[in-house]
Amino acid sequence: MPTEPETDYDPELGRKFIFVTGGVMSGLGKGITAASTGRLLKNAGFDVTAVKIDPYLNVDAGTMNPFQHGEVYVLKDGGEVDLDLGNYERFLDIDMTFDHNVTTGKTYQHVIEKERSGDYLGRTVQIIPHITDDIKRRIREAAEGNDVCIIEVGGTVGDIEGMPYLEALRQFAHEEDEDDILFTHVTLVPYSKNGEQKTKPTQHSVKELRSIGLQPDILVGRCSDKLDIDTKEKIGLFCDVPTEAVFSNPDVDDIYHVPLMVEEEGLDQYVMEELDIASEALPEDERENRWRDLVTQNTEGEVEVALVGKYDLEDAYMSVHEALKHAGLEKNVDVNVRWVNSEKMNDHHADRMREADAIVVPGGFGARGTEGKIEAIRYARENDIPFLGLCLGFQMAVVEYARNVLDLDDAHSAELEEDTPHPVIDILPEQYEIEDMGGTMRLGAHETEINANTLAATLYGGESCTERHRHRYEVNPEYIDDLEAAGLKFSGRAGNRMEILELGPEDHPYFIGTQFHPEFRSRPTRASPPFVGLLEAVLGDDPHTATTEEVSH
């Protein structure tokens with residue numbers, strides 16, 4: 001399926017597959033390496049998509065703990081997936097679907113359901129061929145309509161959970177033409193105490209990979225600095241790859257510089273030559289350069305943003321961090337995010353919040369830390385600090401307004417306090433009978449109608465927007481009239497559902513909340529309107545009247 005309405009897909013090229021595995025340890029940056037390769041191929045004129053393989057038994061990431069796993073990223077079709085798919089969407093500027101995330105739980109569930117329905121005609125159902133065949137089918141279907149599909153295998157080579165996937169890739173390589181398959185292995189190259197780059201971990205990792213029947217075509221060394229030529233030659237010799245197939249991916253402060261760095265190494269050109277598509281690439285002077293222009297521009301200032309939440313793992317709010325960074329790219333400023341723990345709103349954290357230029361309260365679940373979020377929202381509202389509330393942040397803004405403006409002292413969300421006498425946030429009607437947790441929220445892209453002559457209309461440049469949702473609760477319709485009579489404007493709606501709230505310019509320079517998650521559609525080259533407006537308010541522009549770049553959401 002094409003990933004975009006307009007595609008550069010050339011069926012005469014056939015489909016090309018790049019498999020990316022990792023060794024030595026997890027968290028090396030396989031996803032960023034893969035996404036950067038895809039970005040460069042897209043710059044060269046190819047239509048590129050990606051698949052992330054997660055070897056866990058969960059069907060999706062929807063019920064995973066953000067403290068341990070990081071954020072749950074939501075796709076346009078409602079798929080709740082690993083945060084790496086967010087990186088692929090941002091780097092490749094595509095909209096992916098749940099089919100682009102392959103999990104062990106999803107695969108096993110499908111095979112078992114087929115067995116129960118008699119599709120296997122009484123045969124013994126086994127890992128090989130039934131599970132491996134299903135894995136290969138999923139990869140091919142996700143790649144349909146694209147020139148290149150990049151498949152990242154989560155985890156580390158040697159993990160028992162990943163064995164069926166590596167076997168499926170071994171079979172896949174035999175079933176496709178040699179020119180259509182490329183194996184990239186990302187591995188750690190640490191320094192010894194005497195400053196020598198050590199290749200032994202890479203050698204052992206490749207040995208493990210080869211024992212499974214896979215020979216890498218490209219090796220990418222993750223190191224604090226670039227690999228020196230002696231290190232590359234040694235890795236090439238002992239791992240049986242040409243020296244020119246060994247590339248560096250050193251540490252950087254900003255992941256958006258990685259495509260530029262691996263381009264300097266010549267990774268993209270080598271990939272195109274190995275896949276026999278170099279002759280089809282755009283000439284270098286005709287390739288997309290906006291990415292390079294954005295990430296290398298000299299910024300003209302700094303903005304301090306307080307992010308008030310309860311998850312102290314930065315990855316739990318990855319898309320919010322990235323959306324703020326994208327807005328900074330558009331406004332040509334550096335955005336420094338100050339973490340404020342909403343569970344510990346002591347003097348230290350309160351001071352960090354008060355010293356910030358703007359306040360963002362992101363989404364989340366559970367009662368812990370909500371009073372700290374409400375306190376932060378009140379501070380922003382009463383002191384004219386630019387404010388953006390997302391999902392739960394939107395709901396807590398309603399609670400704060402009900403308590404401190406409507407004088408409903410005990411107002412709260414029914415999700416967080418079942419016995420509240422004023423449930424200004426209540427469960428969605430269709431959620432009453434639902435008991436299962438996984439995949440049952442209001443999920444995915446939904447259209448919001450925007451009132452004319454509002455802050456939201458100015459930000460989005462039109463009368464509607466389509467953004468991604470992930471929630472079970474909404475503003476209680478019984479309180480809407482009272483809230484609006486007291487000055488809180490609901491400027492965006494989906495039928496009877498309140499989707500956007502704001503205060504007018506006479507009450508606040510920038511106070512807006514969204515029930516949806518605009519951060520999931522933000523891109524480095526196409527920043528999210530509410531985040532751009534937040535920075536405009538800090539920088540002295542009036543987002544209520546400023547002409548922001550119209551974004552097709």
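Cβ from N, Cα, C; glycine included.
Look at Swiss-Prot and you will find 1-277 tagged as region 'Amidoligase domain'. Annotation comment: Swiss-Prot describes S26, K198, T199, K200, P201, T202, Q203, K234 as UTP binding site. Taken from Swiss-Prot, the feature CTP binding site covers S26, D159, I160, E161, K198, T199, K200, P201, T202, Q203, K234. Residues or ranges marked as ATP binding site in Swiss-Prot (evidence: sequence analysis): G27, L28, G29, K30, G31, I32, D84. Sequence annotations record features per position, and here Swiss-Prot assigns Mg(2+) binding site to D84, E152. Per Swiss-Prot, the feature domain 'Glutamine amidotransferase type-1' maps to 307-544. Under the heading L-glutamine binding site, Swiss-Prot lists G364, L392, G393, F394, Q395, E415, R472. Residues or ranges marked as active site, nucleophile by Swiss-Prot: C391. What Swiss-Prot lists as active site is H517, E519.
Overlay of Swiss-Prot feature records on the structure.
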residue: G27; record: ATP binding site; CB count, 10 Å: 11
residue: G29; record: ATP binding site; CB count, 10 Å: 20
residue: G31; record: ATP binding site; CB count, 10 Å: 26
residue: I32; record: ATP binding site; CB count, 10 Å: 22
residue: T202; record: UTP binding site; CB count, 10 Å: 29
residue: Q203; record: UTP binding site; CB count, 10 Å: 17
residue: G364; record: L-glutamine binding site; CB count, 10 Å: 21
residue: L392; record: L-glutamine binding site; CB count, 10 Å: 27
residue: R472; record: L-glutamine binding site; CB count, 10 Å: 15
residue: H517; record: active site; CB count, 10 Å: 25
Cα-Cα distance linking T202 (UTP binding site) and G29 (ATP binding site), given in Å to the nearest integer: 15
G27, G31, K234, C391 screened against G364 (L-glutamine binding site), Cα within 10 Å - retained recorded positions: C391
Integer Cα-Cα distance in angstrom, P201 (UTP binding site) to I160 (CTP binding site): 19
Recorded positions: D84, E152, E519 - member with fewest neighbouring CB atoms within 10 Å: D84
Cβ neighbours of G393 (L-glutamine binding site) where a neighbour is any other Cβ within 10 Å: 25
Where K198 (UTP binding site) falls in three-state DSSP terms: coil
When distances run from the Cα of H517 (active site) to each of the binding-site residues K30, I160, L392, R472, the nearest one: L392
Maximal Cα-Cα distance (Å) across residues annotated as binding CTP, namely S26, D159, I160, E161, K198, T199, K200, P201, T202, Q203, K234: 31
Q203 (UTP binding site) to L28 (ATP binding site) - Cα separation in whole Å: 16
